[in-house]
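Q: I'd like to ask some things about the structure below.
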Amino acid sequence: KGTIHLFRKSQRSLVGKLTHEFRLVAADRRSWKILLFGAINLICIGFLLMWCSSTNSIALTAYTYLTIFDLFSLITCLISYWVMMKKPSPIYSFGFERFEVLAVFASTVLAQLGALFILKESAERFLEQPEIHTGRLLVGTFVALFFNLFTMLSIKNKPFAYVSEAASTSWLQEHVADLSRSICGIIPGLSSIFLPRMNPFVLIDIAGALALCITYMLIEINNYFAVDTASAIAIALMTFGTMYPMSVYSGKVLLQTTPPHVIGQLDKLLREVSTLDGVLEVRNEHFWTLGFGTLAGSVHVRIRRDANEQMVLAHVTNRLYTLVSTLTVQIFKDDWIRPTLSSVPIANNILNLSDHHVIPMPSLKAADNLSPVTSTPAKPSSPPPEFSFNTPGKNVSPVILLNTQTKPYGLGFNHGSAPYSSVLSQGLGIPGIGAAQGFRTGFANVPGRYGTNTRGQPRP
């Protein structure tokens with residue numbers, strides 16, 4: 001008989017978790033097409049690498065790296081399908097959309113690293129240029145071009161399609177756009193193909209193949225082997241220039257920044273929210289990009305005490321939900337407390353509101369919990385406070401001050417001075433004011449001036 005372990009979690013290795021998630025993605029029929037293209041891509045990469053070694057062409061190697069990037073884009077597409085199948089969990093409360101952002105960022109950064117490696121190898125080849133064999137150079141160029149274009153146009157890759165539209169244009173796209181405007185001015189029918197801007201992946205595939213064709217012709221005609229190195233540098237620069245804007249855009253999404261094109265719309269919506277009925281203040285607002293095309297945000301709204309929380313929450317959510325799909329709104333009421341006024345009328349001969357003399361009425365705790373000397377909770381074993389040097393403490397006798405000010409009659413004030421030790425026993429902390437005859441009013445800070453004394457003479 002084995003021991004039964006309650007609430008024991010099953011420990012699964014990393015390979016087991018990846019296998020489980022891959023089976024989840026492979027169960028969808030849409031993933032079969034991507035898996036088929038991935039298998040063909042691996043075969044194509046193997047042949048291209050062998051031809052790069054046989055031709056000794058670094059330009060063909062740089063162009064082969066674009067085929068490897070196509071493999072990364074297929075993996076990103078599978079991750080996108082996996083994200084759509086997964087639901088938010090307690091650990092990932094916002095869902096798994098950031099995984100596809102991370103996949104796009106990693107793919108573009110790896111492509112740029114490959115371009116830097118080509119630039120480094122090309123710099124070494126300028127010192128000692130090897131001989132280039134053109135036997136399979138042109139064949140490898142057309143095989144890579146056909147497969148790259150077929151993959152890009154056949155597979156609908158949502159993450160890369162969004163990034164290519166949202167990111168800033170590369171220098172290659174800008175130069176081609178200027179050339180396209182000139183061509184479309186002569187042939188207007190080509191404007192639907194070349195304008196407003198071409199797909200950057202299709203553009204770099206065509207430009208790289210054109211550079212390899214020029215290399216093949218120059219080597220065949222003049223045996224000019226250095227043009228292979230120059231073509232490799234051109235392909236590496238085009239790759240780096242195309243991938244860099246996408247890396248910047250996906251990196252900003254990972255850093256939870258607010259997209260620049262929605263800042264004006266967010267400001268307009270926040271101004272509309274601040275003018276809603278019952279809303280006093282909108283503060284601590286924070287909006288960021290959760291995934292491609294998904295905006296998340298949180299905001300604190302301070303409302304009036306008499307406002308309906310659910311009604312204000314519904315109006316605020318309705319205004320912001322048009323732009324922010326994942327929204328967290330915290331509603332809290334105004335914490336400003338007004339002083340309570342007494343409804344009992346006060347005679348004019350007792351208090352004059354034009355005077356600035358204030359009678360403070362502090363609230364005191366029970367006398368048995370306070371020390372008669374320091375007015376703090378009495379602790380039998382507590383040492384004397386170190387900060388009291390010249391003030392009355394446990395070891396210093398209290399100083400009794402006699403109150404010689406004349407007290408008015410008829411207002412509950414006693415004449416003379418009261419001992420300091422008997423103050424707290426009477427219930428108040430002001431000498432000369434008793435607990436049973438204490439003056440109490442609803443006005444905490446009402447200025448007062450006494451009218452006449454017992455002899456009928458006005459007091460100053």
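A Cβ is built for glycine as well, from the same backbone N, Cα and C atoms used for every other residue.
Just so you know, TrEMBL annotations never went through curation; they're auto-generated.
From TrEMBL, here are the annotated features:
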- 35-255: domain 'Cation efflux protein transmembrane' (DOMAIN)
- 369-390: region 'Disordered' (REGION)
- 32-51: transmembrane segment (TRANSMEM)
- 63-84: transmembrane segment (TRANSMEM)
- 96-117: transmembrane segment (TRANSMEM)
- 137-155: transmembrane segment (TRANSMEM)
- 201-219: transmembrane segment (TRANSMEM)
- 225-244: transmembrane segment (TRANSMEM)
Q: Report, as numbers and ranges, which residues of the same chain sit near the transmembrane segment (201-219): CB under 8 Å and 6 or more residues beyond its ends.
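A: Contacts with the transmembrane segment (201-219): 57, 59-60, 62-63, 66, 73, 132, 134, 137-138, 141-142, 144-145, 148-149, 152-153, 160, 164, 172-173, 176, 225, 227-228, 231, 234-235, 238-239, 242.
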Q: Answer yes if the transmembrane segment (225-244) and the transmembrane segment (32-51) have at least three CB pairs under 8 Å among residue pairs 6 or more apart in sequence, and no otherwise.
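A: By the criterion, they do not touch.
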Q: Counting only residues 6 or more past its boundaries, what in the same chain has a CB within less than 8 Å of a CB in the transmembrane segment (63-84)?
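A: Contacts of the transmembrane segment (63-84) (Cβ under 8 Å, skipping residues fewer than 6 from its ends): 21, 24-25, 28, 30-31, 34-35, 37-38, 41-42, 44-45, 48-49, 52, 95-97, 99-100, 103-104, 106-107, 110-111, 114-115, 118, 140-141, 144, 147-148, 151-152, 155-160, 201, 204-205, 208-209, 212, 235, 239.
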